[in-house]
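Now, the feature entries from TrEMBL:
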- CYS419: active site, nucleophile (ACT_SITE)
- GLN291, GLU341, ASN391: S-adenosyl-L-methionine binding site (BINDING)
- 313-376: domain 'Methyltransferase' (DOMAIN)
- 1-19: signal peptide (SIGNAL)
Amino acid sequence: MSGGLWCVLSPVCRRLGLGTQPVLLSSLLTGSTTVKWRKGNAGEGCSLPGSSWGERLADAVTPLWRLPYREQLQVKYENQRKVLQTLASRLQELGVDVQKPGELCCPLRPVVPSPVINGYRNKSTFSVNRGPDGNPKTVGLYVGTGRARNIVCVRADHVKNIPSNHKHVAQCYEEFIRRSPLDSCILFPEGGHWRELVVRTTSHGHTMAIITFHPQQLGQEALATQKALLKEFFASGPGAGCALTSLYFQESTMTRCSHEQSPFQLLYGEPHIFEDLLGLKFRISPDAFFQVNTSGAETLYQAVGELSQADGDTVLLDVCCGTGTIGLSLARHVSKVIGIEIVEKAIEDARWNAAFNGISNCEFHSGKAEAVLPQLLSSWEDTRPLVAVVNPSRAGIHYRVVRAIRNCKAIRRLLYVSCKPEGEAMRNFLELCCPPDPGKKLVGEPFAPVLAIPFDLFPHTVHCELVLLFSR
């Protein structure tokens with residue numbers, strides 16, 4: 001187990017009286033009285049002796065759920081403090097002295113709490129696999145790992161951050177596939193068809209369900225039959241109580257598949273769902289990125305606007321913009337917004353969102369940021385102030401994106417929003433702040449970290465969004 005994760009979770013286990021020594025994952029299923037640690041797509045955590053399967057899952061997905069919320073925030077604060085200490089130390093190794101009191105690279109404010117603590121997720125992904133009773137048609141989340149070959153799929157009943165309507169759709173999907181004569185698809189080469197379920201909801205009461213299906217060798221007629229049965233089940237059968245706004249079906253032979261690789265097929269309902277955020281209306285497609293905690297995102301975006309110090313003369317560069325939420329929420333305060341996003345459907349949503357909300361000072365570019373941004377900035381001649389906001393996935397941004405930002409003299413202020421700053425984002429921070437390096441074509445003036453503010457968009461988990469302000 002990584003030292004960083006142990007630093008975060010060991011206080012939790014002490015608080016719960018579990019001791020401070022990690023043990024092997026294999027003890028998870030033995031019922032032993034020691035702490036059980038595991039990693040997998042369900043997350044990381046420790047389980048109390050005698051925990052039920054539901055509690056074990058909750059410990060894996062939401063390892064802080066047993067703590068009072070105020071203590072959860074303190075755990076997260078300490079984690080972000082270690083991130084800034086690491087960044088200061090790494091920068092010192094590169095010859096950059098940015099250390100501030102407390103061995104941090106910049107001031108760290110307290111964690112901003114989430115307005116909603118339970119059931120805040122507007123998107124949940126449920127897997128299909130063998131449950132605790134061995135049934136291969138169990139819909140839930142994983143305890144265990146593929147490497148250890150001890151994966152168990154457990155219903156999400158005890159998981160606090162997933163809302164009840166998501167759990168209801170998952171239960172109905174489980175009922176449907178257990179009625180189906182077709183097998184679940186656990187390992188692609190072993191056959192089977194029924195795969196994961198994604199549920200998206202909004203404050204309007206909209207619910208979108210997206211079901212992934214491995215076609216194997218089925219012909220078009222057989223596929224049409226399955227789609228018709230699925231539609232009937234959720235439209236007028238036992239699943240009608242889910243009141244789905246949209247039901248999508250995707251045939252996929254890959255672990256993850258975009259709309260361009262295999263189109264999302266609308267079986268019934270509306271093609272989009274809609275959400276309100278900071279007084280604007282946003283259209284959401286099946287695979288478009290939208291922060292999973294809507295009310296928390298509002299708090300985050302308001303702070304990004306304040307930290308950007310953007311005014312009516314500023315051009316805002318929104319990198320990894322998704323459906324345009326950050327740029328559009330700040331558009332009324334700036335001269336122009338330029339958004340870049342790899343998911344083509346998300347850009348379509350962003351353009352629709354701008355038009356619907358009467359915002360005309362935004363332009364959105366579809367494509368990889370490492371291809372679009374260097375070309376955009378290499379010919380930049382606009383004299384207006386340029387502020388960049390970067391909100392990438394956990395993988396961070398490509399080196400060519402960092403280089404383009406670093407080498408653009410017009411960008412004096414940069415806001416980096418990261419849900420995993422100790423990961424690949426740390427590499428980005430170092431590239432932004434290191435001394436000029438002609439060999440790596442980093443010739444622009446380095447940035448310096450100015451302020452860090454964590455936002456708890458993920459209560460009960462060890463994660464939060466860290467907004468790190470850089471300037472030069």
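Note that Cβ sites are derived from N, Cα and C of the backbone, with glycine treated the same way.
Features recorded in TrEMBL, as mapped to the structure shown.
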{"residue": "GLN291", "record": "S-adenosyl-L-methionine binding site", "contacts (Cβ under 8 Å, 6+ apart)": "ALA297, LEU300, THR325, LEU457"}
{"residue": "GLU341", "record": "S-adenosyl-L-methionine binding site", "contacts (Cβ under 8 Å, 6+ apart)": "PHE289, CYS320, CYS321, GLY322, ILE347, ALA350, PHE364, HIS365, SER366"}
{"residue": "ASN391", "record": "S-adenosyl-L-methionine binding site", "contacts (Cβ under 8 Å, 6+ apart)": "ASP318, VAL319, CYS320, CYS321, GLY322, ILE326, VAL417"}
{"residue": "CYS419", "record": "active site, nucleophile", "contacts (Cβ under 8 Å, 6+ apart)": "ARG394, LEU457, PHE458, HIS463, CYS464, GLU465, LEU466"}
Checklist entry - Can you give the mean pLDDT for the domain 'Methyltransferase' (313-376), rounded to a whole number? => result 95
Next on the checklist: Looking only at GLN291, GLU341, ASN391, which the record lists for S-adenosyl-L-methionine, tell me the maximum pairwise CA distance in angstrom.
Outcome noted: 15
